[in-house]
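Peer 1: Take this structure, written in structure tokens, and hold onto it; I'll ask about it next.
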Amino acid sequence: MGKNVVVLGTQWGDEGKGKIVDLLTQDAQVVVRYQGGHNAGHTLKINGVKTVLRLIPSGMLRPNVTCYVANGVVLSPQALLSEIKELEGNGINVRERLRISLACPLILPYHIALDKARETHMGKSAIGTTGRGIGPAYEDKVARRALRVGDLFHRDRFANKLTELLDYHNFVLTQYFKQPAVDLESLLDESLQWAEELRPMVCDVSACLHEHRKQGENILFEGAQGVYLDIDHGTYPYVTSSNTCVGSVINGAGFGPRYIDYVLGITKAYTTRVGGGPFPTELLDDVGKRIAERGQEFGAVTGRPRRCGWFDAVLLKRSIELNSISGLCVTKLDVLDGLEVLRIAVAYKDRDGNILSRPPLAADDFNDLLPVYEELPGWQESTADVTVMSDLPANARAYLKRIEEILGIPIDMLSTGPERDSTITLRDPFL
């Protein structure tokens, strides 16, 4: 019997999912992206070579793994084909092992134009999107007007739908945002070229996944972003436009909940987020700068600096509940090397002194909250590239043990560096 494992981020994204997915694919035959778009970058470092994947599942770097982009992903054909060619330039045979859902909504140039125009228009109130058209594409999907991958292969139908959509979106672009219109003919020509390149790779992904399941193959579902960017459960409105929680596997890949065997939650040993929004444990002092520098905390896609702060157990507890997480993988422990004191947020305190054990549901409700910290001693020894738990400094082990105690869940994996081998596996999710 094969196992079906979900890997997802438990914070605000950028937790190091790509490396862990790549590592786990040594035991998987199939890897699936089930939500998001090319706004999230998964960074892999193998034998000193860094690769950033945005749409293509991280399993593509393993020669015997079949990779799927499922219906929950909003797909930019331009971004996907660019990524394919980049990987092919590095000698990776992508097209024979990549399959794309016919039901993926398309991200087209007008989505990108709308995304950028809105952010500019909002000024200081901007959400801080990546400007890649993700939100507007999901809007079209929910409004039942989206063009999907399958539409590309029906020229007349596609042209008619595109004409109607462009009339609508160009009106908003030109009349409200005072931006140039997107040209119909050039977009139609480009779309037909995309269709020919994508045609050999498309399929009914859900049906394919169930065939793999029936054959007893191991399937790994690769999440993008993190729990607190979820459109429903995140720090709304400072969120992404998709569901990033485990339930998105069910809708975004057509895979029933009873088939999921294990959920691995990825968390940094501290906390980061990109863009605006609440961040209770954010550090604006020299310690925060030190963590950012040591952790090289810059967005893989945008290059934007990440905000850094202490580990927030309040947020993690809720992530565990929302996703029925089986075990944790803690990443970037080595970034904390050399700090005298470490802090873990175990609760929040409001302006009246009331102690809150759960995070609020709306971003504005974080404004008057302060974290309640538990302090632990740091360590001066290096944890970089350690591969055996007993070789970690005693205080590092104590820090991890305390996280387990507070959260009531085991740490099953630990990442001590960017390379595949810089990992401690205490429990293999596929075993």
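A Cβ is built for glycine as well, from the same backbone N, Cα and C atoms used for every other residue.
Heads up, here are the entries from Swiss-Prot:
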type: ACT_SITE; residues: Asp14; note: active site, proton acceptor
type: ACT_SITE; residues: His42; note: active site, proton donor
type: BINDING; residues: 13-19, 41-43, Arg306, 332-334, 415-417; note: GTP binding site
type: BINDING; residues: Asp14, Glu15, Gly16, Lys17, Asn39, Ala40, Gly41, His42, Thr130, Arg144, Gln225, Thr240, Arg304; note: IMP binding site
type: BINDING; residues: Asp14, Gly41; note: Mg(2+) binding site
type: BINDING; residues: Ala300, Val301, Thr302, Gly303, Arg304, Pro305, Arg306; note: substrate binding site
Peer 1: Roughly how many angstrom lie between the C-alpha atoms of Gly16 (GTP binding site) and His42 (active site, proton donor)?
Peer 2: 7
Peer 1: The record lists Asp14, Glu15, Gly16, Lys17, Asn39, Ala40, Gly41, His42, Thr130, Arg144, Gln225, Thr240, Arg304 as binding IMP. What's the largest Cα to Cα distance among them, in Å, rounded to a whole number?
Peer 2: 34
Peer 1: I need the least crowded one of these binding-site residues (Thr43, Thr130), counting other C-beta atoms within 10 angstroms of each C-beta.
Peer 2: Thr43
Peer 1: Hey, what's the Cβ neighbour count for Gly41 (IMP binding site) at 10 Å?
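Peer 2: There are 20 of them.
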Peer 1: Nearest to Gly303 (substrate binding site) in three-dimensional space, by Cα, is which of the binding-site residues Lys19, Thr43, Gln225?
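Peer 2: Closest by Cα distance to Gly303 (substrate binding site) among the binding-site residues Lys19, Thr43, Gln225: Thr43.
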Peer 1: Going by a 10 angstroms cut-off between Cβ atoms, which of the recorded positions Lys19, His42, Arg304, Arg306 has the sparsest surroundings?
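Peer 2: Counting other Cβ atoms within 10 Å of each of the recorded positions Lys19, His42, Arg304, Arg306, the minimum falls on Arg304.
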Peer 1: Go through Gly13, Gly16, Gly303, Pro305, our binding-site residues, and report the one whose Cβ sees the most other Cβ atoms within 10 Å.
Peer 2: Gly13
Peer 1: Could you tally the C-beta atoms, other than its own, that fall within 10 angstroms of the C-beta of Asn39 (IMP binding site)?
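Peer 2: For Asn39 (IMP binding site), the count of other Cβ atoms within 10 Å is 29.
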